[in-house]
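Swiss-Prot has this to say about the protein:
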SIGNAL    1-21  signal peptide
TOPO_DOM  22-1329  topological domain 'Extracellular'
CARBOHYD  62  N-linked glycosylation site
CARBOHYD  105  N-linked glycosylation site
CARBOHYD  186  N-linked glycosylation site
CARBOHYD  256  N-linked glycosylation site
CARBOHYD  266  N-linked glycosylation site
CARBOHYD  398  N-linked glycosylation site
CARBOHYD  479  N-linked glycosylation site
CARBOHYD  565  N-linked glycosylation site
CARBOHYD  714  N-linked glycosylation site
CARBOHYD  1213  N-linked glycosylation site
CARBOHYD  1262  N-linked glycosylation site
CARBOHYD  1323  N-linked glycosylation site
TRANSMEM  1330-1350  transmembrane segment
TOPO_DOM  1351-1393  topological domain 'Cytoplasmic'
């Protein structure tokens, strides 16, 4: 029992841990294990020098995603944080999204965006919706807004197609996202709703707003009814603010109200419902007799709107005829509409023939002269254009009287006349207008061909301006081309009949069996076949639907015929009937599908439809079934309504109703409860742009908010709707409208034209509308009086905060009547007279943030918490300013500026941040830092920021002293300085003496001799010493006397004037000779390409290529050198040559023989080599282990062969390696020992990308795999206008990765001296330690001189004025002939001295 209890307890603990893990999901932050290092062997620390603002250990996978790639367009010594040559105030920066773990302060960048994020809202613990002016998200083309799922990193697009504009604002309401802006969607404007669960976007029920409208803000007022069910609590109203004056469904704004006044003249537009359907003649065959026009013109007149005409030959009768397509033959038309041309010519008498019965049709029509029904057959009259329009004009004058007949409808605007001529069903009507007359067919005759014969004409020829046929049945063909409208321009109309093949392949029966004539239909043999037919049922009423099935005898398919399932679906997707139909009928047949009521549908998204799908075959075992689809016919039995009516402002129809409009100007209240059972048919009945307003049209209320909207001018614009917290009584709530306002009403006046402050009294749950107190006072002045404060400019944005709100923008706020009534948050709430750009309003008091005015329109705000500190971030036009709201002060350190526009906390442990740059780097320091015991610290070097500086080189001298160099400045030091290793935090010391550096001079290499007496500096430009000596190439500094030596080497240069470089120096201790390598070819006047030896003892340059018994020549650029024997140096570089032989990667120089050679095994490396490290102390034969890096490679040498070890490095155009070292592990490891011992690990520094990890500046290699170690950051800043005062935000920045140029350690493997191989005691002599320590600590040359006065004579008695005692010249040297070049060189030296 106890065991079972223990097992159960362990299970519960596991479940609890699992739940906690889910709650604090750190799956995004996978830790990276770092090896433990022994810092004692590296001088107790690892120095990192370069170009950066901050550093972090690479603690988790993708740690460095918060930094961007470096800007390769900027020079390595032109810092990205110093790109300040732009004065633009609209500089655009890319934005990013960051996931931050609040608990561990980890940050992960998971998205790059090519624009600004303006809104960011949490949808769930795993998803957010973001909106802004971006079109690309992680290089994926998108339309804003989008939904981003964090765990899967998937983007859900709300809009998949172009919306011809942009979404300016979004509002999240549970499962719905309201979208507002200036866009077009689904033929509606400026508003839409996205359902998060269904993943579908829809038009709003009110069909958005009018063309050229714009929605800038959306908010919600809850109904506040505590007694309603929980699911009803979220109703209330949605408020839309922007610039608009109508709704997309504008009839919602017209109320049909009862009126006692029945004598006012009715100016309504009336329209009879035309339920009859236009028969498509588009694919008919057109012929004519005695036609003057072409057959093309004969076909074109079936689309009268194209303004084409068909003319008979002059002074001659003629015939125009159309033969229907085979599948349409036998149709029963109900009327023809004949269009009359303008001008003197036209048809006076005509007759209509029908085929195949070849008979003259009996016709009935409305005689325009009497407006009575008339009949004709062989001699039917048409009026000419002028006479017809006289009658139409007369109708306009007598419209009121004519419309008293309920079966007659006269349009009061254009005088068109219609009446029903089937009083029982009222499904057919007849009429005329200014350019046509209609003629109904008395007999119900099936026709294959219809012809119009011209008997008499007006003028000198008969002309047809158009011809249309109608029927009172709705026929949908399976062959969708037969559903095409007569006019191509109507092809996209939602009211067209159409057929959609859902699955399967359908063909014309005539294409399968050409012998079949006089009929055509679709055939398929696919067993998954399905087709849907959409009849144009535009009006609600009773319909009878039948389906026609062709007989199998026509095509001989009886044995193969199929069984089909036919389903009738209503416009609300309800299944109305289902039929199983056997298709093996020999002759044509029809089946009843449905009889009953159908709702009229106006769009393809809510249409009645008939679905036909394959079920099986009548005969079992048939392998090639034969499913046929011909047509479906919906016959109109009766309609619910028979007329439409539309009216303008305050007019009356004949039944005593008045149409009262609701006026909108930039503000609209959308009641969710009112629209919960919305049906557009309860708004109006619409046909041919003529509208009748329903008495039930009460969806949009004339609420006090809509009333306020109507009383604003039509130039008003609302930029923001802001709702304050509810007041103590629980009902009243503040409503702030920000924008540009004027009032057109005498009933409402405004105290300013920027902000309207309202109070929501309550929400009326009966009328489903918001009750507000309307403003009623006018004060117009240049300044804006808002809540007791005077603003000299408009507020751009309001931000709701708990118990208060913020106003931000390009303004200055002063106290009422200039008083000091404003409190300064940055100065213990002391009274001040003004606030600039940002102001907080709380408890009837305005507060300032203590900043000076900045000429910038701040329009973005976000607040977030970092390291338990709340920050406010204000931004606009690329400028950011960060306020520490816990300590009430501005953040002035640029490295701590939060360039964020949005923040959203998604759970207790994580938040999403959006902006141009964000950093939670672990350690802030400019260009220098060191690691000791696994933590960052920094040297006593205060490099001046915002300059193009970089520390590029370093040299560890001994336990007391290190030297750094580059191109940098501190308060007292320039380009080179001395660091105390015993106290690294102590202030850096400068070199003593007068020194003037050239503008572009850079310390490229450093070396201190084995006796720690001389500091050799390799420089690429001029240096003036002690106001008289100009040096380029090598500068020598006396560390003992703390002064520049009085002897300095002749300058290094290029004979063609090109810049030089001094990349490496090594010292041959025995001969006291310094070997210098780089890119140059002259030392003074001495030819000395690539390599030159400086004889320290004799203070002269020697060309090593001419110093041997046999002259040798070398070429290329030397980049690195190291001793491998006490008298031999291994040299590498770019494009090295020896005696004209190219392709050499490594050279060997022997100081004893003054000769050059190569070792074949080393030169088998395929890549270029810039630097290398010898990883074995005993490597006399160069068969030890090595590692080398080049521009695009890192390779290891096992003593015999080279092998690439950089498979995990991704090479890009910015990839750069700068330095490498061997570090010591805290404990021996089981690492691969191919390239170094198991107690060591290799590190390389620069800037590069590691596979699976991302950007790094420093990585470790354990012999098998790479481990990211350190990455840095650097703010890229650009000027964006002037700013002053505390917290000045005149610069916008983006976080990029920095550079590590040099690793400073006590390096046992640098081998820059032949004595380095001896592993001698490197400690300074007692006198030197005391002297240098005091010099570094105190910087006092006077004290240094006093301390050295005694040991100087004892220890350095052979030195005078910095010179070594010259060695005796041997007799054999005196016997050699003097080289003229050397003689000239000696003359140069004496001249310089």
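Each residue, glycine too, has its Cβ placed from N, Cα and C.
Here residue 714 (N-linked glycosylation site) is compared against the glycosylation sites 256, 398, 479, 565, and the shortest C-alpha distance is to 256. Of the recorded residues, residue 479 (N-linked glycosylation site) and residue 256 (N-linked glycosylation site) place their C-alpha atoms 44 Å from one another. Looking only at the topological domain 'Extracellular' (22-1329), the predicted model's pLDDT averages out at 86.
The least crowded of the glycosylation sites 186, 714, 1213, judged by other CB atoms within 10 A of its own CB, is 1213.
In space, 62 is the closest of the glycosylation sites 62, 105, 256, 1213 to residue 1262 (N-linked glycosylation site), judged by Cα positions. The Cβ of residue 62 (N-linked glycosylation site) lies under 8 Å from the Cβ of 28, 108, 109, 1253, 1254, each of which sits 6+ residues away along the same chain. When the C-alpha distances from residue 105 (N-linked glycosylation site) to the glycosylation sites 186, 256, 398, 565, 1213 are tabulated, the minimum falls on 1213. The secondary structure of residue 1213 (N-linked glycosylation site), as reduced to three states from DSSP, is coil rather than helix or strand. A distance of 41 Å separates the Cα atom of residue 186 (N-linked glycosylation site) from that of residue 398 (N-linked glycosylation site). Sorting the glycosylation sites 256, 398 by the number of other Cβ atoms within 10 Å puts 256 first. Around the Cβ of residue 1262 (N-linked glycosylation site), the number of neighbouring Cβ atoms within 10 Å comes to 18. In this structure, residue 186 (N-linked glycosylation site) belongs to neither helix nor strand by DSSP; it is coil. The glycosylation sites listed here are 105, 479, 565; among them, 479 has the most other Cβ atoms within 10 Å of its own Cβ. Checking each of the glycosylation sites 256, 398, 1213 against residue 565 (N-linked glycosylation site) by C-alpha distance, the shortest gap belongs to 256. You'll find the Cα of residue 398 (N-linked glycosylation site) roughly 24 Å from the Cα of residue 256 (N-linked glycosylation site).
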